[in-house]
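Chemist: Got a structure for you, written out below as structure tokens; questions coming shortly.
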Amino acid sequence: MIIEKAKSYGFCFGVKRAVEIAEESQNAVTLGPLIHNPLEIERLAKNYNVKYVETIEDIDENVKRVIVRTHGIPKDKLQNLKEKNVEIIDATCPFVKKPQEIVEEMSKQGYDIVIFGDKNHPEIQGVMSYSVHNRVYVVLDPKELEGIRLKEHIATVAQTTRKINDYLKITNYLIQNYKEVRVFNTICNATFENQDAVRELAKKADIMIIIGGKNSSNTKQLYNIAKEFCEAYLVESEEELKKEWFEGKKHCGISAGASTPEWLVEKIISRIKELA
């Protein structure tokens, strides 16, 4: 069986930067998981004593340094963190900071804000918090906008890990129904590249293995694209692989989410070779 990796996959710039920051910040804690990959979080805790807490209240008084996760945190939480006697190390991805800045600036100019994304995702919770008013609407589908009467001046941004075609559905609806719509394409280039690469590979493979955290938005997007073209599975570790998946298969494609380290990809490929 041929095992082929997608042309573009795995650690993106923002995640690589955050992991390097964590490795250089031994004994620090992160506010929320640094990235959406439990095995990499486990490695950082084991090798560098960089652990995470869920809330500011959970930060022990002995902690000297706190790392802000790649997804960013809400503005009020950042302010609360500044009031504590700790050094703040900001590992927010620069591509995530961009929609934060846009939302802050456009809301100051009086624009209603439409955000394409998952309102429960930490990145979006952070982006929302930068609006200076409460006319902020987070949607995943244009139908969610039908019952809302927006002002005539609208600015829109997208979660960095979403599919561009889904964002276009939102922007097309807004342009058809409102006079002024400022569209900011805040979807990350790495997301585009990984999605294009998985689509290309899935078209010629008869099975795709997508590696990454089950709670990772960008990994789920890769899995959803892959399964449009062939049998596909999303796994976090080699223990989840099953021998029967590979029976009769001739071409196995591999891709991985932006928070998936290369050591994990190689570990899973080794296990596939044993099973196939």
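Glycine too: its Cβ is placed from the backbone N, Cα and C atoms.
Sequence annotations record features per position, and here Swiss-Prot assigns [4Fe-4S] cluster binding site to Cys12, Cys93, Cys188. Look at Swiss-Prot and you will find His36, His71, His121, Ser216, Ser217, Asn218, Ser259 tagged as dimethylallyl diphosphate binding site, backed by sequence analysis. Here Swiss-Prot flags His36, His71, His121, Ser216, Ser217, Asn218, Ser259 as isopentenyl diphosphate binding site, drawing on sequence analysis. Positions annotated as (2E)-4-hydroxy-3-methylbut-2-enyl diphosphate binding site by Swiss-Prot: His36, His71, His121, Thr160, Ser216, Ser217, Asn218, Ser259. Annotated active site, proton donor per Swiss-Prot: Glu123, in sequence order, evidence recorded as sequence analysis.
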Chemist: Of His71, His121, Glu123, Thr160, Asn218, which is closest to Cys188 ([4Fe-4S] cluster binding site) if I measure between C-alpha atoms? They're all recorded positions.
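Modeler: Nearest listed residue in space: Thr160.
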Chemist: Give me the Cα-Cα distance between the residue listed as 'active site, proton donor' and Cys12 ([4Fe-4S] cluster binding site), rounded to a whole Å.
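Modeler: It is 16 Å, counting Cα to Cα.
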Chemist: Taking the mean position of the Cβ atoms of His36, His71, His121, Thr160, Ser216, Ser217, Asn218, Ser259 as the (2E)-4-hydroxy-3-methylbut-2-enyl diphosphate site, which residues outside that list, in the same chain, have a Cβ no more than 8 Å away, listed in sequence order?
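Modeler: After dropping the recorded site residues, what remains is Ile35, Thr70, Glu123, Thr161, Thr219, Gly257, Ala258.
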Chemist: Excluding Cys12, Cys93, Cys188 themselves, which residues in that chain have a Cβ inside 8 Å of the centre of the Cβ atoms defining the [4Fe-4S] cluster site?
Modeler: Phe13, Gly14, Val15, Thr70, Phe95, Val96, Thr160, Thr161, Ala190, Thr191, Ala258
Chemist: Quick check on the binding-site residues: of Cys12, His36, Cys93, His121, Ser217, whose CB has the lowest count of neighbouring CB atoms inside 10 Å?
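Modeler: Fewest other Cβ atoms within 10 Å, among the binding-site residues Cys12, His36, Cys93, His121, Ser217, is found for His121.
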Chemist: Expressed to the nearest Å, what is the distance separating Thr160 ((2E)-4-hydroxy-3-methylbut-2-enyl diphosphate binding site) and Cys12 ([4Fe-4S] cluster binding site) at their Cα atoms?
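Modeler: Cα of Thr160 ((2E)-4-hydroxy-3-methylbut-2-enyl diphosphate binding site) to Cα of Cys12 ([4Fe-4S] cluster binding site) measures 12 Å after rounding.
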